[in-house]
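Report on the structure given below.
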């Protein structure tokens, strides 16, 4: 259990660390000495187990050559399905409904090509104006491929405050001309969690298929897809799941849709026992593997093997418990220490609406992020004025949170940020 109630002292942070049930996992990760890493919502840290599984698959290539597809500790031919099974508990899905494959954007193209069937008056896709740009680019592309105009057929729900979305507004936008819905589970800037259960139920009442982009929720919050009856989902594995830069992504398709042919077919859509028959008629797999396209990217998949072992040991419910407590602690500390320095807290305070990161707004956000980095704290800048800070349950400590807020306070008090330009780097 975590120490209550909140106190702004250094001693309180140490007490919270002492009572942290997940503290033993911190030694699993490579943490640079003298650095406080608060960017795990953008790229998670390397774990020793992920490193080991990557080296194991490199060794299997070295030892087996082509036979690595079927030999060794982790045969490559079955790896996507195996890791899909291990991922399924994180989203509350059946093992056969989950596959590890492709990238987030290619998987968006796959699910939209599979589920978007404009007919009659139902020709539009419903999204939102705060979602990640790649989702919008893919949706626009898929609409054009149907010979339609994205300006007319892509509906984006407006935000009332520029940070969050109202579920009531989303439901109101589920009109008779909507053919498909794709929404984020957690908004990438503000960290707001959308009520996926409610939105799915409302979409289904209207006969609309609905899916979610889980990039900022998987590995951070529990999901219950079997209960919620979500139609499809996609995600990356390199944020909270620590699969490494450019690591393989994931895809979920509700089993009730397994009779739906993949919109984008490829060799690895095949049933495994038929794949090497080399027929020109596809015999699709009878599970989520049917929605793979090409050959698995084995080496970018390898770190996920070790990472998912850690998640199995830690448990997503325990991770969420700590995440809620440490983000609430950070919010309280920011409110206590930084209220005179022009920051606006942009993420929800309510536990049920708050994802795994803190979102601060400030007119000098870009240069503040640079000053934090110069002081050994790794944040994340999001244009135009956002600072994201992610105290990750697996490897961040309460002491690090306390130290980072005190460093930020000193930066603001001494105006250290003014020595930097207030514009983002090429990679923010």
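Each residue, glycine too, has its Cβ placed from N, Cα and C.
Feature list (source: Swiss-Prot):
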BINDING   104, 105, 132, 133, 134, 135, 213, 216, 238, 267, 295  pyridoxal 5'-phosphate binding site
MOD_RES   239  N6-(pyridoxal phosphate)lysine
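Overlay of Swiss-Prot annotations on the structure.
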{"residue": "104", "record": "pyridoxal 5'-phosphate binding site", "contacts (Cβ under 8 Å, 6+ apart)": "134, 213, 215, 234, 235, 236, 249"}
{"residue": "132", "record": "pyridoxal 5'-phosphate binding site", "contacts (Cβ under 8 Å, 6+ apart)": "184, 188, 213, 215"}
{"residue": "238", "record": "pyridoxal 5'-phosphate binding site", "contacts (Cβ under 8 Å, 6+ apart)": "43, 44, 244, 245, 246, 247"}
{"residue": "239", "record": "N6-(pyridoxal phosphate)lysine", "contacts (Cβ under 8 Å, 6+ apart)": "40, 41, 42, 43, 44, 215, 216, 218, 219"}
{"residue": "295", "record": "pyridoxal 5'-phosphate binding site", "contacts (Cβ under 8 Å, 6+ apart)": "267, 268"}
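Packing around residue 134 (pyridoxal 5'-phosphate binding site) is summarised by its Cβ count: 14 other Cβ atoms lie within 10 angstroms of its Cβ, all protein chains included. Here the Cβ of residue 213 (pyridoxal 5'-phosphate binding site) has 26 other Cβ atoms within 10 Å, regardless of which shown protein chain they belong to. DSSP gives residue 213 (pyridoxal 5'-phosphate binding site) a strand state. Under the DSSP three-state reduction, residue 104 (pyridoxal 5'-phosphate binding site) is assigned to helix.
In three-state terms derived from DSSP, residue 134 (pyridoxal 5'-phosphate binding site) belongs to a helical segment. Of the residues the record lists as binding pyridoxal 5'-phosphate, namely 104, 105, 132, 133, 134, 135, 213, 216, 238, 267, 295, the two whose Cα atoms sit farthest apart are 30 Å from each other.
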